[in-house]
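**Student:** Here TrEMBL flags TRP50, TYR142, LYS265, GLY299, ARG389 as substrate binding site. Residues or ranges marked as pyridoxal 5'-phosphate binding site in TrEMBL: GLY110, SER111, ASP236, HIS300, SER301. Marked as N6-(pyridoxal phosphate)lysine by TrEMBL: LYS265.
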Amino acid sequence: MSLAERDHNVIWHPYTQMKTAALPIPIVRGEGALLYAEDGKTYIDAVASWWVNLHGHAHSYIAQKVADQLQTLEHVIFAGFTHPAAITFAERLIQILPTGQSRIFYSDNGSTAVEVALKMAIQYWQNKGIPKRKIIAFRNSYHGDTFGAMAVSARSAFTAPFWSYLFEVCFIDVPIPGHEEETIKQLEAYAHASDVAAFIYEPLVLGTAGMVMYTPQVLDQLLSICQQHDILTIADEVMTGFGRTGRTFASDYQQLKPDMVTMSKGLTGGTMALGATSCNEKIYEAFLSDDKHKTLFHGHSYTGNPVACAAGLASMDLLLQEETQQHITHISQRHTAFAEQLKSMPKVVEVRQQGTILAVEFEADGTSYFNKLGDTLYSFALEQGVILRPLGNIIYVIPPYCITDAQLDQVYQTIRGMQELITGNRYFEPPQQTTLHD
Ligand SMILES: *Cc1c(COP(=O)(O)O)cnc(C)c1O
């Protein structure tokens, strides 16, 4: 039996309609921005394996640090005990996080990092005896797949089966260029009610919404309204953190800093599952009490896992190297130049870019995630040896920072090919889907 067939017998994949999906492509090895499939084909990982990979696959430096940690201490209970990797990583995170962040709470993925931030915000007001309980979020945001994270995310087809179980959230529109005033008015209307606990947002780029972007200036205006009305602010930097937007954090573009920051994805360079929620001293102090009821009763078995923290430390070493910073700048500049070329082409609705994130929105009949165009573009890219996972009619590039110029050229070439495909200047027969049910 092939790997794909064995997979099909026992595995249930994420976001996948198992009845109709094509068999998955077995990957047996990775190196740099390249993934090697079982059949010998190579793929450029232009989406950094769901936005997590920063320095390339199977990076030897990270691998060595992880191996060393594994042979020293693989895990230890994190209540009543601690260990050097968690301490050092927290110290170093605080040094690079936006000003004011002073405490790190570990968990194990982006959704749980968001859950922790929401629980901190909600309990903060309870501990202070102030009846604030509402949460404000962007209408088409994505903050994760656990229930609290789903509640503050878009009411979309992805969350529809659970809508009636999700707590109520005040949604405001994303302040995309030209629509800033509407959002400011919506936020002000909610803020004037006295019961708003927190505002959670993806700073500058809403990933899952289709790499929707807005300016640091309007975000500063929103944060200023929150500060005036004593509304806690949570920057969800799970996707934007660790260099993605051109700076270490998207919040680094802001004058005003958040009360809390959530991190995962690039936190370990894409090596180990780890989440972290940071907060400032104001939040932390609201939980200090002789009354045990004011404790933050949250934790996970793998909280502060030493191996994950070691991977995080190794990834941070690499991220802060001059060479990596130059790569980030270089990718950003190349993206800008390519965006300029693509902008005026037929069937290209919009090209958006923020640092190493590039998004191209193509004209399409239905603009939902479920439209056919996305499937065609996905298959087309795979044929070209490039992994690009469209969000409906939007194609985006989030490469590992180590991607070479030649590889980036191939990615751009593939996107040009997509544009030609859509305008009809190129013919492409999507491969027959092979599923065991056909
Ligand atoms: C991916 C993502 C999450 C969820 O992270 P998981 O590790 O997949 O649970 C939360 N917020 C944002 C902004 C994300 O992009």
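Here the Cβ of each residue, glycine as well, is placed from N, Cα and C on the backbone.
Source: prediction; values computed, not measured.
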**Student:** Looking at the binding-site residues listed here (TRP50, TYR142, LYS265, GLY299, ARG389), whose Cα lies nearest to that of ASP236 (pyridoxal 5'-phosphate binding site)?
**Tutor:** TYR142
**Student:** Within 10 angstroms of the C-beta of ASP236 (pyridoxal 5'-phosphate binding site), what count of other C-beta atoms is obtained when all protein chains are considered?
**Tutor:** 34
**Student:** Using the alpha carbons only, what distance in Å do you get between ARG389 (substrate binding site) and HIS300 (pyridoxal 5'-phosphate binding site) once rounded?
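**Tutor:** Between the Cα atoms of ARG389 (substrate binding site) and HIS300 (pyridoxal 5'-phosphate binding site), the distance comes to 31 Å.
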**Student:** When you measure from the Cβ of TYR142 (substrate binding site), which residues in the chain that are at least 6 apart have a Cβ under 8 Å away?
**Tutor:** SER153, ALA154, GLU202, LEU206, GLY207, THR208, ALA209
**Student:** Given LYS265 (substrate binding site) and GLY110 (pyridoxal 5'-phosphate binding site), what distance in Å do their CA atoms have, once rounded to a whole number?
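**Tutor:** Approximately 7 Å lies between the Cα of LYS265 (substrate binding site) and that of GLY110 (pyridoxal 5'-phosphate binding site).
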**Student:** Filter the candidate list GLY299, HIS300, SER301 of binding-site residues, keeping only entries whose CB is under 6 Å from an atom of ligand 1.
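**Tutor:** None, as no Cβ falls under 6 Å.
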**Student:** My understanding is the cutoff is Cβ-Cβ under 8 Å with a sequence separation of 6 or more in the same chain; which residues meet that for GLY299 (substrate binding site)?
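**Tutor:** PHE78, ALA79 - these are the non-local Cβ neighbours of GLY299 (substrate binding site), listed in sequence order.
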**Student:** Cα of GLY110 (pyridoxal 5'-phosphate binding site) to Cα of TRP50 (substrate binding site): how many Å, rounded?
**Tutor:** 12
**Student:** With a 10 Å radius around each C-beta, find which of these binding-site residues (LYS265, HIS300) has the fewest other C-beta atoms nearby.
**Tutor:** HIS300
**Student:** With a 10 Å radius around each C-beta, find which of these binding-site residues (TRP50, GLY110, SER301, ARG389) has the fewest other C-beta atoms nearby.
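**Tutor:** Candidates: the binding-site residues TRP50, GLY110, SER301, ARG389. Fewest Cβ atoms within 10 Å: SER301.
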**Student:** Across all the protein chains here, work out how many other Cβ atoms are within 10 Å of the Cβ of SER111 (pyridoxal 5'-phosphate binding site).
**Tutor:** 22
**Student:** To the nearest whole angstrom, state the Cα distance for the pair HIS300 (pyridoxal 5'-phosphate binding site) and TRP50 (substrate binding site).
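**Tutor:** Spelling it out, the Cα of HIS300 (pyridoxal 5'-phosphate binding site) and the Cα of TRP50 (substrate binding site) are 23 Å apart.
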**Student:** With the pyridoxal 5'-phosphate site defined by the record as GLY110, SER111, ASP236, HIS300, SER301, how many Å span the farthest pair of C-alpha atoms?
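**Tutor:** Max span of the pyridoxal 5'-phosphate binding residues, Cα based, is 23 Å.
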**Student:** Rounding to the nearest whole angstrom, report the longest C-alpha distance spanning TRP50, TYR142, LYS265, GLY299, ARG389, listed for substrate.
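**Tutor:** Greatest Cα-Cα span of the listed binding residues: 33 Å.
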